[in-house]
Amino acid sequence: TGIVIQSSCNDAPFRSRWVGGSYIIKICICMSQFVRKCDEALATPLSHAAFTSSSVYSGGYGAGYAKLNRRGGAGGWSPVDADRYQWLQVDLGTRKQVTSIATQGRYSSSDWTTQYRLLYSDTGRNWRPYLQDGNIWAFSGNSNSESVVRHDLQHAVIARYVRIIPLEWSQEGRIGLRVEIYGCSYWSDVISFDGQGVISYRFKMKKMKILKDVISLKFRTTASDGVLIHGEGQQGDYISLELKRSKLLLMINLGSNQYGSILGHTSVTSGSLLDDDHWHAVIIERYRRNVNFTLDRHTQHFRTNGEFDHLDLDYEISFGGMPVSAKPSSGGRENFVGCMEGITYNGDNITNLVKRKKVDTSSFRNLTFSCSETQSFPVFFNATSFLHLPGLQDSDTLSVSLSFRTWNPSGLLLYTALADGVVEVGLTEGKVTVYINVTQKKNTRIDISSGSGLNDGQWHSVYLHALENYAMLTIDGDEASTVRTVIPIQIRTGGQYYFGGTYRDGLLQSLRSFQGCMQLIHVDDQLADLPAVEKGNTGTFENVSLDMCAIIDRCVPNHCEHGGRCSQTWDTFSCSCNGTGYTGSTCHTSVYEQSCEEYKHLGKTSGTYWIDPDGSGPVSPFKVNCNMTEDMVWTTVRNNLSPQTPVSGSDLEGKAVLKLNYNMSTEQVTAITSSAQYCEQHVAYACRMSRLLNTPEGSPFTWWVGRANERHHYWGGSGPGIQKCACGIERNCTDPKYYCNCDADQTREDSGLLVYKDHLPVTQVVVGDTGRSGSEAKLTVGPLRCQGDGNYWNAASFNTPASYLHFPTFQGDTSADISFYFKTSSSYGVFLENLGNADFIRLELKAAAVVSFSFDVGNGLVELTVRSSTPLNDDQWHRVVAERNVKEAVLQLDGQYKEVRPAPPQGHTRLELYSQLYVGASGGQRGFLGCIRALKMNGVTLDLEERATVTPGVKPGCSGHCTSYGQHCRNGGKCMEKYNGYSCDCTLTAYDGPFCTEDVGGFFESGTLVRYDFLPEGGLPAMANVKSLSPLLPMEGNLTQEELVFSFSTSNAPSILVYISSRTQDYLAVVLRHNGTLQIRYRLGGLREPYTIDLDHRNMANGQPHHVNISRQERNIRLQLDHYPAVSYTLPDGSDTQFNLVKTIFLGKVFETGQIDPVLIEKYNTPGFVGCLSRVQFNNVAPLKAALRSGIVAPVTTHGILVESNCGASPLTISPMAAANDPWHLDSAGAVFPFNEERVSRDGIDRNSAIIGGIIAVVIFTILCTLVFLVRHMFRHKGSYHTNEAKGAESADCADAAIIVNDPAFTETIDESKKEWFI
């Protein structure tokens, strides 16, 4: 959908923007622009008298000779002194629109101006500096006497008087200047408001129902509060624009209902320091709920609250205050005092109607069409300024008052020396402090203070009155702020008063200098004659600007994004990002990953995470559940509807409406579904005499509402446009005459999955057939589940150096971020580039280990480079993140190499680009060879794959993800390439999960066994219910090397843990003896008895998890238990080295025919192993996993009861990631996000359940350790032995506890000569 709003001629001729689901298109139609250009020479036609200056070097150097290209007199203007207090002023006669300025040096001389400032004014008083990019702009001037340097103003100004202040000049000569000012005439009716008069514009009809509004005006005032516009209706609608603490507050309400479920009030604030007595332009454009609110060229786009589109106003709309007909509740607001011009309301020129007396102005006492000149004379101080004024000398009363405004919390306001002491008045941490020190008989110091937060940019008054034995300080004329104190001293004034700084001993004392503005300075109860000071008739000053207040609010417009809080000093601003979910100097960069998919490939496991799909875009982060147990990652968003919710109640139409809440906005849900490859949502309707879709021909009784607020008449299992349920699609409904089970009017259920993701999620279900007697219905709407992230894997391959993709121009005016992954085997190439007339932005690989980020916004080339410690052309994925804003530029590589470059304190800040964005080769640059993936610019992912499908030399997608991500596949898992990513194949491991890190184990009851048979070489055994066998199934064979790995825990002994048999008498067995110690038995032939390894000094049947790793290479056996170092053993020389014809693996018990070692059967096989086995793997065979996973086809059988459990697994030994390297852990930044919720845990997962589980684990752990201690005490062997216990053993309750609580990286030192392993 789209809307068109006609705008004023002062705006750009065409502009479009996406707002709230609609394009707001602004079209300016102004016929005068087609008639003539605003580019007339305004200064040349003027008389000499229109030019004035601060001083003249001599007669021929007068200001009247300063016309461009003229040679009269001495060929231009030059002042007496070459300093920054000189100025050249031009009176244009009437107010003009000024668009450009051009300068020359003095003709045929060495005098010219190299840099200057531009001031302008309507009255020749209260000057305003020209601002650009948030700073008082310094224009570059001339480098010789003849060339003309012209500057087109970034924004036109309206003024009668123009003043040029030279800042730098020729080093060979002095200040010299000729000037031309370009623009055109300006005319507008002006109305003066005295605080009493209000313009009431009556509507032609009593009530107006307005769909579209365009309101514009300009205002000028010295008051900080006052109503500019107000209109309201009897139904509660209103529109109001007012000044509040020198800011504009726009309030709109298009309607609320009496129940409070629809709240239409919307308020937006704009601007700051608007009581500066300068003109400010306001435009309000509204179409339905979409609003553009523009103040002085800065536009805010917003959408009103509520659900209504029309503004219902009664009778009238007023300008300058509240109308007489306003509701009493609207009272208490001050009327406007100041001037307005160019007031228009929906095409009507209100100021013109007032002048023609077509509008009610009866409330005005004296209606005037001119703007009175201000009486204030402000003084502008910087860090090296002071103003010196004389006062009464040797007076017994000190009386000083002034008004000030500043952003700095500290600074000196006043200093005066007494006959015997000093008085200082200053700001300290935002409050006014007075320090009086008199040294008459003894040092006497008095400190008094008042006020708080006075560095807020508002005007504040200070009045200090001191005389013998008494002092009084008052702030803002508020009696409540007055501080009175008794002082045991006498006052004798010195007669010299310094404001803003002090000048002592010939030096300016700038340590506590004031930065800001002062006005209404009174000394000895007399208003200081500042115009006389300017003329040099009284007082002195240093580096101040008189009759001007150039204070700048650096927080307006607010460059802190995503709700960051802006604070400022005189020179700069800073952003506090705490609690926003974003970071950086302007809170631009999200601290969260964009999807569950991205968390997975950072090695995270299933849990609840915060995600931010559009990164730096407008959609705020939100919480989802990430299920990473399957190959595909599922993102789950739950709603508030309980399963089997009974449907009851109805509206006037007999419908029951059930609304679903997902605790997130529509934009947040859309961000998930739009990037997902597949989404689903389960719905179920259980019915008893409650029809669903009223098939086959009737109008549906029930429908659901989806994402776009549209009705849908299909149910789960069906698709859009098909009025059927799942049984209707599958043709298995209970009654074949209907397409839904419930439509047969019986007790049934219709359920299925909704999978058309553009319709999801379900936001509302309307049920219409529950009003009949006996009718019942229960509704279930499951969570929204989506899998895949098309943005994360969106990639393109660039196959030739000339290959490139092109996209629309990148819009990154004041804030831009770019992020992507790349991999290449080349050592150079341009990643992307976008050009303007002079501005540009470029990212490139400059060398095998160097990435460069360069740009120019008008201040000259800026280039950031980062160097990797390893080559980047290694054909592995590397991530680049670049950001530029008004504060700084940042380039980061692979999350660790980083360069930050602060922006210059003054200069251009807007990046103006015009060409297309090129990804790859551009303009003869060295093209990029390789792959680029997940290219995101200002939160928007560029669809590389779609563009690559139609571009020669570029292919969609990119292979080779395993080279970068293969290390995530653990425990022998194999990385498998996919078109849009990779997966870990855990088939040949004893583990499961997306990264082969999840233990697979089981609990064995008495008599339970697992048998895994190796396939005979001659053929396959008979296997029931097996459709196909894997070609990877192991065959019988002869082994000279093998590895057996498993974990176990038990409290029962004796038992057989693992037994591996053969078709000969060879076998390998791991058993627990009667005393709980471990024995490994090898029989490979050649020996009369099996070779045994006895671990006699540790009871392993202690209920704790233990890990065993046995590997053999011919005669060498390597044994490792738990976290202890491995110990080597050697088979006797008489033993064979070949394990012949391996046949079967038994777990828990042996049930075998043929020759079996009788010792095993008699001593260990009865009653069988009771406990947990986990991670069992023999070479590439995982028998326990094969028994527990129904999807694995393998020759495995189970006897008895086997329950899946990982109770035999050892604790994880992977060290946690440090907080400094964990970007989704907000504690590292001191932030709490989101709003008033629990703190985010170290890995972004909700840890409430983990805390409870940890407490339970500690209790169980303590009990087990106590039991182990008792068992060990009962079975303790006599004698002594030596061992190097784990670190921490001295403080642990038992030796096993020492292993478990020990640092996983710990390595025990054991004497290499030992042949036995002491545990």
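Numbering starts at 1 and runs along the chain as it is shown here.
Cβ coordinates are placed from backbone N, Cα and C, and glycine is handled just like the others.
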Disulfide partner of C958 per TrEMBL, picked from C931, C969, C975, C984, is C931
Name the residue among the disulfide-bonded residues C931, C958 whose Cβ has the smallest number of other Cβ atoms within 10 Å. C931
Take a look at 30-184, 190-371, 376-549, 959-997, 1019-1207 and tell me which one has the most Cβ pairs under 8 Å to the domain 'Fibrinogen C-terminal' (587-639). 959-997
Count the CB pairs under 8 A between the domain 'EGF-like' (959-997) and each of 30-184, 376-549, 1019-1207, then give me the winner. 1019-1207
Counted with DSSP (H/G/I as helix, E/B as strand, rest coil), the domain 'Fibrinogen C-terminal' (587-639) has 5 helix, 17 strand, 31 coil
